[in-house]
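J.: The feature coiled coil is assigned by TrEMBL to 776-803. Residues annotated as domain 'Ion transport' in TrEMBL: 159-350, 462-708. Feature annotation from TrEMBL assigns transmembrane segment to 158-182, 194-213, 253-275, 287-304, 316-341, 496-516, 536-561, 582-604, 651-677, 684-705.
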Amino acid sequence: MASAVIPNLSADGYTRFNDDTINLRRAVVSDRDGHDIDSRMDVSAAAEEQDLPNMIGSQSSLDHEYVTDGVSGEVRVLSDPKDVGKSWETNYHEAAIFLEEGANNEKFDSHPSDPKAVPAYLLVHNNWYYGLDLFTSSLLLILALGEDPAVTALKLPVAAHSIMEIAALITIAGELFLKLRWIGWRTILRHKRTAIKCLTLVVMFFEALVVLIRRSSHFRVTRAFRPIFLIDTRSFGAVRRFIRQILQSMPPILDMMGLLFFFVSTFALLGFFLFSEDPHNPNFSTLTSSFVSMFVLLTTANFPDVMMPAYSRSTWYALFFISYLCIVLYVLMNLMLAVVYETFTRVERDKFRKLLLHKRQACRLAFRLLVSKQNPTNLRFRQFEGLMHYYAPNKSPLDVLLMFHYLDQSGTGALSQDDFFRVYDAVTLTWEPQFAHIPWFHTAWPPLQNVLQKTHDLVHWKHFELVIYVLIICNGIAMVSRIGQDYNNLQEAARAFAASWDTILFLAIFVLEALLKVLGMGLSRYFSSGWNVYDFTVTLAALLGVLLNYMFPRLTCIVVLRPLRLLRLFKMKKRYRDVFGTVVLLSPLMSSALMVILVLYYFFAIIGMELFAGYNLKNCCNGTPVEDFYRWSANTTSSGGYYYLNNFENIAVSFVTLFELMVVNNWFIVMNAYAVVVHPSSRLYFMLFYLLTSVVLTIVVASVLEAFRFRIQYKRQTTKREEEKMLHEELHLKWEEISRLLRDQHLLDTLRPHLVVGGTSTFIGCRPRNREVLQNRMYRAEIEEWMNEAAAAEKSNQNGNQQLAHEVDAEHVVITESDSIVLGVDREDTILRRLTHR
């Protein structure tokens, strides 16, 4: 029997099949002898009255009036209300996954096509599994503390850490196995990150088995790849995006590094021919040492030491080193920063555009799963509420209602696809009743209300903040006077500075300030301000510091708590406010950058422990230029003789050593020591670490510059009034309209305390003041253009799919005798062409 497969080809990489199946209530197919060989069952009246899903998620079914059981694979008529409910729940869950993938910029090609894979698919995409994946991935990294070479206090038996590692790897393998149920090996092999994860998993699993069998550790450099599992978790989506941004910025960095190494090599060659014959200058004795010396000079860590032997011979040799530093350090390095900044700015804007369009595509795919068969162009509140149950489970029923009403700009009680495109914006809004800005004490006892009203007026007095600033300055003067006095010991000085009468006086004033603001503004409004949270925290810490000083006089470090109050003075100047605002905008990016640096540290720490653990650096380098830094004696060790502590004996010490290398001050001393003790080629490890950390830090600097420039431009283009309008939305809910919309008495009873029955309730929605919201304001003209282009592309793609379907109907459908369906006495030539899904 012939059938036509008509794929819905879309640009998102996620192939769905056409839903235009022909639904006939009576169809009789006869063979040549007149016997019935096939018939389609009538859909029961109960099923017709139900709200049937227009598309049943990832399940493959012949018609959407039929449902395929996700466990048994049985196909049955979608007439049982339980089947309808299960189908809707599947759609809600998958639609939420689409929205999550859109927000995380994940591809849409990992959804199942086999109905039997749906349970495994939904199992992996839930918060419990996300938490388990994060826990096991973190456990793998933490095991490095107890594995040889281990931190002494945390050392574990070989069998213990091997079993824990194998258990964690099996758990991660379970996720990959479940993924195989719906995407198959071919998709995994095409997905680079997943392919690397699978390969690393297999290698590490067999290595852990070998360790468990032998009961001893061996050379395991593959442990350095453990962060792959952590980065692949759902919680580290922002880190993956930052790594992707680093990779996108790499081409100009590599170009500039090529030019940089050309000059380093050229000057190294010139230095070898100029200074190699000097027996007192070991820095240029060979081409290798000459290159290493010039590479270190690039970081200025060995300047002017590397210059002085040549400078002692002739002062003209200083031109060699000065010209080198001017070219590579002040020109090329700064030029590389400029190139990276330009690339980062372009990548950042392009990333915003792609993420915006990717979210639009996610909304379009989710919308198709949320509309009903009876009304495939509009989304009802019931389906929207089901979506939010999975996508935003922390939202209350009132929040869901307000989001739906905010999206329903036409006021029809249903959402079109264009309305649904703004669902990400709706989820970010936090709602509160309009009367929330009325003083919190408006229903209090009248005499108390009068007192609180005066307190409210006081804290909102235009000179109140000025008075507080004057008190903070006086507090600073008191601290300076305390520092200038002489004391008998540190404990007495700490008591005078952190627990004296003036400290207690100003602390009491700041406690009073916090109390007045809480009484005048209310707790919620008081803690809604970041500066108020900071003041409250500092005040509480200072109060705790006074108590600790009296209880533990030797705890002198608490003196740091008192000066923290002075930070608030920086709020007075606009430039500092811009700096703090930039820090707030950068906090998510800085968190991602910090995680990338920690991952880089972990990678090099594991390799460093495998290569260099066990080497004793005490008195290691006699007869070399770094001899003095490692000369150690129990009684006469000099201040420079403690460099033997910069080693790789465990992962904690390795992190400290790597940080010292990243700072690059005297980093070559550690490098040269291991070159003497281990092998000269070990310098490659330290040089590679410097280059990679330089790349990451350069991109971090570029991101700071770009964020600061973005905020300054935003401030220049946006007034305070425009910003307030952008960050707030006002909604009016009429009880009659809500009653008609919901048709759910239980839900209405739940919402009744929050709404005005028979009247209108007004709510204010607040957006977070983050980078994405500000970008929507800055790029509003470009966003409109991008959206129009996307809509035109979707329309063109839809027309192309219709043309393809027409061509398949005309050319590729073979009508056999058994396909002839008699629909009436005079219509025997009417043909039903069966359209099947893949």
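Glycine is no exception: its Cβ is also placed from the backbone N, Cα and C atoms.
Note that TrEMBL annotation is computational and uncurated.
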J.: What is the pLDDT of the domain 'Ion transport' (462-708) when averaged and given as a whole number?
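T.: In the predicted model, the domain 'Ion transport' (462-708) has a mean pLDDT of 85.
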J.: Between the transmembrane segment (287-304) and the transmembrane segment (253-275), do 3 or more CB pairs sit under 8 angstroms, pairs being 6 or more residues apart?
T.: yes
J.: When each of 158-182, 287-304, 316-341, 536-561 is checked against the transmembrane segment (651-677) for Cβ pairs under 8 Å, which one has the most?
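T.: Result: 287-304.
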J.: Kindly say whether the transmembrane segment (496-516) and the transmembrane segment (316-341) touch, using the definition of 3 or more Cβ pairs under 8 Å where each pair is 6 or more positions apart.
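T.: Per Cβ check, the transmembrane segment (496-516) does not touch the transmembrane segment (316-341).
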